[in-house]
Amino acid sequence: VCVDEVNGFSCSCADGFTGFRCELEINECQSSPCLNGGVCEDLTGGYSCNCAVGFSGDRCEMNINDCYS
(Lines of atoms letter the chains of each structure in order from A; the text may use other names.)
(Lines give C-alpha, C1' and ligand atoms only; values in the text may rest on other atoms or scores of the structure.)
Protein backbone atom coordinates (compact mmCIF):
# COMPACT_ATOMS: atom_id res chain seq x y z
CA VAL A 1 0.00 0.00 0.00
CA CYS A 2 1.50 3.31 -1.07
CA VAL A 3 0.59 6.62 0.55
CA ASP A 4 0.84 10.01 -1.18
CA GLU A 5 2.88 12.48 0.88
CA VAL A 6 3.79 16.17 0.48
CA ASN A 7 7.15 15.59 -1.23
CA GLY A 8 6.62 12.10 -2.63
CA PHE A 9 5.17 8.85 -1.36
CA SER A 10 5.96 5.92 0.90
CA CYS A 11 4.96 2.29 0.69
CA SER A 12 4.09 -0.24 3.37
CA CYS A 13 4.92 -3.63 1.87
CA ALA A 14 2.92 -6.83 2.19
CA ASP A 15 4.59 -9.81 3.86
CA GLY A 16 7.32 -11.23 1.67
CA PHE A 17 8.12 -8.01 -0.21
CA THR A 18 10.49 -5.09 0.31
CA GLY A 19 11.95 -2.18 -1.65
CA PHE A 20 11.01 1.44 -2.27
CA ARG A 21 7.92 0.34 -4.24
CA CYS A 22 7.61 -3.17 -2.71
CA GLU A 23 9.04 -4.53 -5.96
CA LEU A 24 11.50 -6.99 -4.40
CA GLU A 25 10.47 -10.40 -3.12
CA ILE A 26 12.25 -11.42 0.09
CA ASN A 27 14.01 -14.80 -0.06
CA GLU A 28 13.31 -16.26 3.39
CA CYS A 29 15.58 -19.22 2.56
CA GLN A 30 18.64 -16.97 2.35
CA SER A 31 19.23 -17.33 6.11
CA SER A 32 19.19 -21.17 5.83
CA PRO A 33 16.39 -21.69 8.38
CA CYS A 34 16.06 -25.46 7.82
CA LEU A 35 18.15 -27.70 10.06
CA ASN A 36 19.55 -31.24 9.79
CA GLY A 37 19.78 -31.34 6.00
CA GLY A 38 16.28 -29.98 5.39
CA VAL A 39 15.70 -28.27 2.04
CA CYS A 40 14.14 -24.80 2.15
CA GLU A 41 11.37 -23.82 -0.27
CA ASP A 42 10.84 -20.06 -0.58
CA LEU A 43 7.17 -19.08 -0.50
CA THR A 44 5.53 -15.67 -0.77
CA GLY A 45 5.65 -14.27 2.76
CA GLY A 46 7.41 -17.28 4.25
CA TYR A 47 9.16 -20.58 3.66
CA SER A 48 8.66 -24.31 4.08
CA CYS A 49 11.23 -26.92 5.07
CA ASN A 50 11.25 -30.32 3.37
CA CYS A 51 12.89 -32.45 6.05
CA ALA A 52 15.39 -35.25 5.51
CA VAL A 53 14.34 -38.75 6.55
CA GLY A 54 14.37 -39.04 10.34
CA PHE A 55 13.59 -35.38 11.08
CA SER A 56 10.41 -33.33 11.45
CA GLY A 57 9.19 -29.95 12.70
CA ASP A 58 8.78 -26.52 11.13
CA ARG A 59 12.58 -26.22 10.79
CA CYS A 60 13.41 -29.98 10.79
CA GLU A 61 14.61 -29.53 14.37
CA MET A 62 13.11 -32.73 15.81
CA ASN A 63 14.92 -36.05 15.49
CA ILE A 64 12.33 -38.78 15.05
CA ASN A 65 13.26 -41.67 17.34
CA ASP A 66 12.06 -44.88 15.69
CA CYS A 67 12.40 -46.73 19.02
CA TYR A 68 9.28 -44.96 20.37
CA SER A 69 6.97 -46.03 17.55
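Backbone N, Cα and C atoms are what each Cβ position is placed from, and that goes for glycine too.
Just so it is clear, the model here is predicted, and its values are computed rather than measured.
Reviewing C40, C60, the cysteine that TrEMBL connects to C51 via a disulfide bond turns out to be C60. Bond annotation: of C2, C22, only C22 is listed by TrEMBL as forming a disulfide with C13. Residues of the same chain lying 6 or more positions beyond the ends of the domain 'EGF-like' (25-61) and with a Cβ under 8 Å from any Cβ of it are 14-18.
Summarised by DSSP class, the composition of the domain 'EGF-like' (25-61) is 4 helix, 13 strand, 20 coil. Taking each of the disulfide-bonded residues C22, C51 in turn and counting other Cβ atoms within 10 Å of its Cβ gives the largest count for C51.
Considering only the disulfide-bonded residues C13, C60, the Cβ with the fewest other Cβ atoms within 10 Å is that of C13.
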